[in-house]
Every structure is written in structure tokens, then in C-alpha cells.
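The compositional bias 'Low complexity' annotation in Swiss-Prot covers 628-642. Positions annotated as domain 'BTB' by Swiss-Prot, on the basis of sequence analysis: 19-88. The feature phosphothreonine is assigned by Swiss-Prot to THR163, THR696. The feature phosphoserine is assigned by Swiss-Prot to SER647, SER649. The region 'Disordered' annotation in Swiss-Prot covers 145-165, 628-707. For 185-225, the entry in Swiss-Prot reads repeat 'WD 1'. Per Swiss-Prot, repeat 'WD 2' is recorded for 226-278. For 279-318, the entry in Swiss-Prot reads repeat 'WD 3'. Annotation comment: Swiss-Prot describes 319-362 as repeat 'WD 4'. What Swiss-Prot records for 363-420 is repeat 'WD 5'. Residues or ranges marked as repeat 'WD 6' by Swiss-Prot: 421-466. Swiss-Prot lists 467-518 with the feature repeat 'WD 7'. Per Swiss-Prot, the feature repeat 'WD 8' maps to 519-577. Swiss-Prot lists 621-626 with the feature motif 'PXXXPR', giving a curator's inference as the kind of evidence. Annotation source Swiss-Prot lists motif 'PXXXPW' at 681-686.
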Amino acid sequence: MAAAATAAEGVPSRGPPGEVIHLNVGGKRFSTSRQTLTWIPDSFFSSLLSGRISTLKDETGAIFIDRDPTVFAPILNFLRTKELDPRGVHGSSLLHEAQFYGLTPLVRRLQLREELDRSSCGNVLFNGYLPPPVFPVKRRNRHSLVGPQQLGGRPAPVRRSNTMPPNLGNAGLLGRMLDEKTPPSPSGQPEEPGMVRLVCGHHNWIAVAYTQFLVCYRLKEASGWQLVFSSPRLDWPIERLALTARVHGGALGEHDKMVAAATGSEILLWALQAEGGGSEIGVFHLGVPVEALFFVGNQLIATSHTGRIGVWNAVTKHWQVQEVQPITSYDAAGSFLLLGCNNGSIYYVDVQKFPLRMKDNDLLVSELYRDPAEDGVTALSVYLTPKTSDSGNWIEIAYGTSSGGVRVIVQHPETVGSGPQLFQTFTVHRSPVTKIMLSEKHLISVCADNNHVRTWSVTRFRGMISTQPGSTPLASFKILALESADGHGGCSAGNDIGPYGERDDQQVFIQKVVPSASQLFVRLSSTGQRVCSVRSVDGSPTTAFTVLECEGSRRLGSRPRRYLLTGQANGSLAMWDLTTAMDGLGQAPAGGLTEQELMEQLEHCELAPPAPSAPSWGCLPSPSPRISLTSLHSASSNTSLSGHRGSPSPPQAEARRRGGGSFVERCQELVRSGPDLRRPPTPAPWPSSGLGTPLTPPKMKLNETSF
């Protein structure tokens, strides 16, 4: 169909401006003039018609361009009229094609349109930004330090790692800066050392884990978020992170805040001080890879799918490891810890009580319930109703199974001895249930089929779940979130979709569609409705996120606030106000100019690149460090605007008008200059480009702040 031809054989490098040029763009024919195609210098078409780019012609002699004809139509219309009519073409596609063709005026206009809703300062939900912390030094050695610790009245050795504070001598305490190659992650791929891997929060505290160290921030009412702790560099990537900021009944004195990190089978625990700093409590071993790490009250819990559970008690400072059935799920409420196992059993642990049997030193782990079909319990959620009597709470447990079933079991406080009773069963999933949440108003389940979500409305009577009329179906939707195959999209534990939020409040899912995305979507967990979307203010990919319920201020009328925390690939941390987003749910946005309105306004000006000349019209240059999209005027418009009908003014009078002499002298000079100077000056004639530009009225070159 098409035959290749050089510029010498095809279109002559020079020709009359009115010469008709025939184009074949993606199989669609266009005809226009050389003048229309070449009025923008150094563009694709100027190079093509000047012979600098070889041409390809079809059988009719038209120049063939292998691009999308639908997108080319508005581009050709812009070349003809200098007006932009997108004609239904998406802005990003139009910008991409304009950049390909080298149409600088159109590129600037489209970039300005994209900047309409984007800002380096975020939107109304943007609440704060924490820059990447300073990388800590690495210890030269990995020698362990042993310190005595009391257990049951006798000293017991507790292994301490190289992360002890530097007050134990000079051996190996100073190290090289971060110049060594980062060790590979468990997936075998190298990790970015400055990437945020995990984020977690508790009350007014935040813990952020990077590849080989972690930092903690504390929110102070007057000064905002303050860095209070930074760990030394570790030897291996951090895979799990846990934080507790309120320990009731602990015996740690001022160290009532703790942060824990797990790497492989090793767990490191630090005590944090409210005013800054921290000290290492110890290093504990589970013996198998840690797959879940969390606090229940003042107990640190670590679990593995192999069936091993480790518990550290803040009061007794005792680390205990117990073997149970292979663990596939867990949940905690109050002081209760529930473990779901692959044999269909649900085990119960009361971690608030002394967790040891005196005769054999085992944890008090008891079987609470067994699934009727003995399917593996792959998701767990426990809900404690408010106390209605002195006998205790009504315990409600929802769990999902490996076969896709969803069951609800309940236990009345007066029938504790008889065990929980099966209350309801749903078989709406055909894939294993991966998440489940039973809250005050909703039952939510998520299965492995691309995060397929099913929700039900829960009916309650006096706080307890009721069968009249029972749970009714509410919504079905998906939270599509693709995972990275090479491990570069962030740690999977740091990209949990949720649901997040208190069980007696609206809960949300956080959706990151692709691993390298810089935009997150916040959706109601009950209906899937979008609450808001946030985009990283610096354009870097989001690698970890979580939702934090922050305590309210002590000021009158304040209330707790909910924040979305996003960790970025460059190490920064951003905060977004979800409380404001939830309050504005359902309200129509009252914005400024729409994209179409902005394009209509831009038709009356011509955007130019930044120029080193001084600003005119009393406008000041933008203080933004990023390159401006526009210029106040070009070099061709440096002619004085104060002269009559474009003629230059006398140099003495011009100097006096620009600031020479006193105020009275300048006023007298204006009077002597004649009445014509008080009229608007006549602009200088529009300079001819010599290329025979299309017959369009001249357009002023303005700065983006001018409109």
C-alpha cells in the first residue's frame, strides 16, 4: 500500500505557503496548506516538509503518518485556527500527541489545563507533609550484647542486638553511611533503601518503616508532627511493623509507648519516650518467619502460618512461644485474641490475664468453635456489643472459610459454658474469603476474586444482632488492586485495602489500582461509593498507606479526626483529612473554572516560555521553584508601551516616569506630556514571522496569573 520515499523524491523542502499538502494519518486523509503546517518552528511538520525527516507516501502520493487520526483532527484544527476544540479526545492523549508533533504552544496550553486541578500543595484534603528523614549509620559488626533481666525472681538472659543506644562503649557503634548495597527482600529483588515500606499509627503516634530502619512521629497540638525516634540501621529489610501508644497497667514507667519491627523470624522491640528518644527492650525469636505482628493491650503478639504464636508481656517481660494448629487468620477485640486455623477451629486467648498455666508453662489457648464443614477459617472478625448487664458482653464473631462461606456465630455472656451458636450462613463467594468485618451496622466480606466485596445491613435490637428482619444484602463490588511481580510497588503488608475505621463508624477501603500508582481512591466499605481520591503532591508513587484515628484536641468542641497516611517511594509521608472528606460526602463540588472554560479563556492569549526580561504590567514573577508554563512577554514585545502610538519616548522623560525625581516632578512631567499619554497606549504592530501564518487576530502573551 505504502511506498517509502525520501524528501528529495517527495515533498520539496521549500515551496509556496499556499501549497496544498495531502496527509494520510492512520489511514484517514487530511488536506491542508504548507502555511498551516509550518507556522510553528522546529515542529514535526516543519522538519518533515523541510526534508530533515524522511517521508513515507501511500499510493496516492499523500504523506503517511502512523498516528491516531482521531487525535490528529483537533491538532490540525489548532494549527488552522489557533483554537483548541478537543472534540471528545481525552486531555492526556491530546497532550501526548502534541508533544510528539513538537507543537510547543499547544503543549503549554494543555499542560496548563492539567494544572487546573493539580497543585504541589495538594487539595483541601491535604493536611501535612513530612520529608524523608536522615538515613542512620550502619554498625560495623553484628555482635550481640547480653543484659540481665529479671523473670520470676531470677535473672534470665535476653539477647540484645546491635541496636542498643550508643552508651555501652565505642566498639562498633559508629558505622559507614548508607553506601552499601541494600540486601534483597524475601522475594529476591533488591529494595529501594529510601522507599517507605510500612506505615502504622496509634492515637497521636506514627511509625514509618523504611527498608532497614524505622522512625516514629508524635503529634503535638501546638507544633504538629515531630520526629521523636529513629532506629539504627538493621541488617535486613523490615517486613512487619507494630505500634502501641497507650499501655494500660504497664510496668514500664515512662516508657509506655512501644514500637516493634520484624525481619524474618527476629522481632526487635523498643520503648519510646513521649519527649523524644527510645531504648531497646530486646530481640525475640519466633523460630519461623513472622507473618503478623500486632499489640493487644500491653502484649506483643507475633504469629506464623505454621501454627506458632509468640506473646511478650510488658509487665512480666516474658517471651513465650506456643504451638497450635496452622494459623490462617486472626482478630482481636478488647483483651480477646482469636486465631483461625486451617482445620476449621477458632482458638481463644485472653491476653489480659496471666497467660501461663502454672504446671506446664503453656499459654492458655482454648478451642472456642469448630466450623461444621471443617473448612479452613481464612478471615476473622469479632465484635463486642456494649455491656447490657453485669455478666459481660454479647460476643459476635463473623468468619470466612476457604470454600467461600461466610458465617456468623454469637455467644451470650450467660451461656459461656455452652460455646458460641451458629447464627447465620452466607454462601455468596466462590473463592476463599480473605477479609471480613462485622461492625455495628454492616457485615462486609472480601474474597480472593480480585477483591470481590459483598456487604449486608445488620439489624440490631438493644445492641445485639437480631433475626427480625435479619441481615439483608446491601452491595456487591470489587476493589481491584494489582500487586507487583518484582516487589517494587511496595511491601504487600503496607498496601492493605482495609476496611479501616472504628466498628461503630463508617469504614472505608483504600484502593491502589496499580503498584506504581501515585493516586489512591477512598471508598465506603458498605456500598463502594467513592469518598475521595488523593494524588501524591510530589508525583512520586505511593508505596504504603494506612488510616489513623487521631485523638481530638483539648479545645472545646473538638472531636477525633481520621487521617489517611501515604508513604511515598522517595521516603516522604503525606497526610490527608478523611474527616473532611466524609463530611462532604454527597455534596456537589463548587469549583472554579472547568477545563472547557479555561480553554475558552486561553483562546485570547498566547502562552510563551519563561524569559529573563523584567516583568511588565506590574506583575511579579512567580516564587514557585518549578518552571512556569508561561511568560509575561517575549523578546519581541520589549518595545516601550508608554510611547504615543508606538513611538519611543524621550529618554529623560522616560527615566523620570520610571522613578526619577520627586512625586511632584513626575506629576508635572505627565501634565507636560500632553493629554494623549493618559489614554491607553496603542500596541506595537504584531511582528511578522515571515512564514505566512494563518489569518487569525493577534493574541497577547499573558502569564497564567493574569486570569
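Placed from the backbone N, Cα and C atoms, the Cβ positions cover glycine too.
Mapped onto DSSP helix, strand and coil, the domain 'BTB' (19-88) counts 24 helix, 19 strand, 27 coil. Within the model, the repeat 'WD 1' (185-225) shows a mean pLDDT value of 83, rounded to a whole number. The residues of the repeat 'WD 7' (467-518), classed with DSSP into helix (H, G, I), strand (E, B) and coil, number 4 helix, 12 strand, 36 coil.
Within the repeat 'WD 6' (421-466), the DSSP-based counts of helix, strand and coil residues read 0 helix, 28 strand, 18 coil.
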